[in-house]
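S.K.: Take this structure, written in C-alpha cells, and hold onto it; I'll ask about it next.
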Amino acid sequence: MKKFGKKVVLVGDGSVGSSYAFAMVTQGIADEFVIIDIAKDKVEADVKDLNHGALYSSSPVTVKAGEYEDCKDADLVVITAGAPQKPGETRLQLVEKNTKIMKSIVTSVMDSGFDGFFLIAANPVDILTRYVKEVTGLPAERVIGSGTVLDSARFRYLISKELGVTSSSVHASIIGEHGDSELAVWSQANVGGISVYDTLKEETGSDAKANEIYINTRDAAYDIIQAKGSTYYGIALALLRISKALLNNENSILTVSSQLNGQYGFNDVYLGLPTLINQNGAVKIYETPLNDNELQLLEKSVKTLEDTYDSIKHLV
C-alpha cells in the first residue's frame, strides 16, 4: 500500500453522506474530500456550499465533486449510498436491493486501482461489509463497517441521562448486529467502576429500567425514522469518529463491524465488537467477557446474520 495520507472519497450524497461531509469538513480531518453520487447537481451544490464555509474549518480542506477514478489514490472510501430504510422496515429487509447497489459501487471503486480502506454505512451494514470483503478480496482489517458505534453511543447517552453523569463517563457497549438482534453488555457496563445494571436495579427495585434503556437504544432508529424520515446526524458523527481513528492513527477501541476469526467460536461473520482502530485498519478484536445470557444472545445475533448472508451469497 502507498503511504497513508488523508484523502477521503464519499460515495453517496444523501442525508447521511452530506451530514458526514459537513462533519468531516468542520473537523478538517481530511486534506482532500471527494463526493461521488449519481445526483451530480446535488453534489456540485454541496461542494460549493462546503467549500464556501471551509475557511472556518479547524484545518484546510479541499472539497470536490468526483468520479470513481478519484478512488485510485484515496486512503479511505466511505459508502453511505443505498436504498433508505422506510418506516416499519427492518435493516435486514433492505438486504437484496442494497447488495446489488453495493456490488455496482465496489466494482467501480476497485476498477480505479483503489488500495485503501473501505468504511461501510449502508444497511444492513454487517451483511454489506462482509459482502464487500468477499467481493474485493481485500484483507478483513481494511474493510470496516460502522457496526454498533452509534448504538453504543445511544446506549451510553441513555444511561448517562438516567444516572446524571456525562456520556463519556459511561463505559458500556452494544455488540452484535446493528439491528434488532443487537445486545447490551450489561455485565461489563460501569460508571466509575460500579455496575450500571446493579445501580439501576437498586434504585428501581427491578430490572425494568435496564430493559427500557436497552429497548430504547435498539429501537431508536425506528422512532426517528417515523418522525422525520431517516437518521443521519448520529450515524454521520459515528462515521466521523471511525474516520478520525483511522486517519489519525489513534489506536482507539470502537464497536465497528469487524470480521470474526475465532472470537467466541465464530468465523467469517461481520458484527459489532470492540475493535482496535489505527492506520492499519481494524487490527484487533477484543473478546469482551460475556455472561451466559449474553453469549446466548450473541449466538442468536450471529445466526441471524449468517442466515441473512446465505440469502445473498449468489450475488458474490
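Heads up, the Cβ atoms here are built off N, Cα and C, so glycines get one too.
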S.K.: Using only what Swiss-Prot says about NAD(+) binding by Asp37, Lys42, Tyr68, Gly82, Ala83, Ser104, Ala121, Ala122, Asn123, Ser146, identify which of Val16, Val25, Val165 is listed for that site too.
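M.R.: Among the candidates, Swiss-Prot records only Val16 at this NAD(+) site.
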S.K.: Starting from the substrate binding annotation in Swiss-Prot that includes Gln85, Arg91, Asn123, Pro124, Val125, Asp126, Asp151, Ser152, Ala153, Arg154, which of Thr26, Thr204, Thr231 is the extra site residue?
M.R.: Thr231
S.K.: Do you know which of the binding-site residues Lys42, Arg156 has the most other C-beta atoms within 10 angstroms of its C-beta?
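M.R.: When each Cβ's neighbours within 10 Å are tallied, Arg156 leads.
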S.K.: Pick from Val16, Val125: which of these binding-site residues has the biggest number of other Cβ atoms within 10 Å of its Cβ?
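M.R.: Checking each of Val16, Val125, the winner is Val125.
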S.K.: Could you tell me the C-alpha distance between Val125 (substrate binding site) and Tyr222 (phosphotyrosine) in angstrom, no decimals?
M.R.: 16
S.K.: Check the binding-site residues Ser104, Ser146, Thr231 for other C-beta atoms within 10 angstroms of each C-beta and report the one with the most.
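M.R.: The residue with the most neighbouring Cβ atoms within 10 Å is Ser146.
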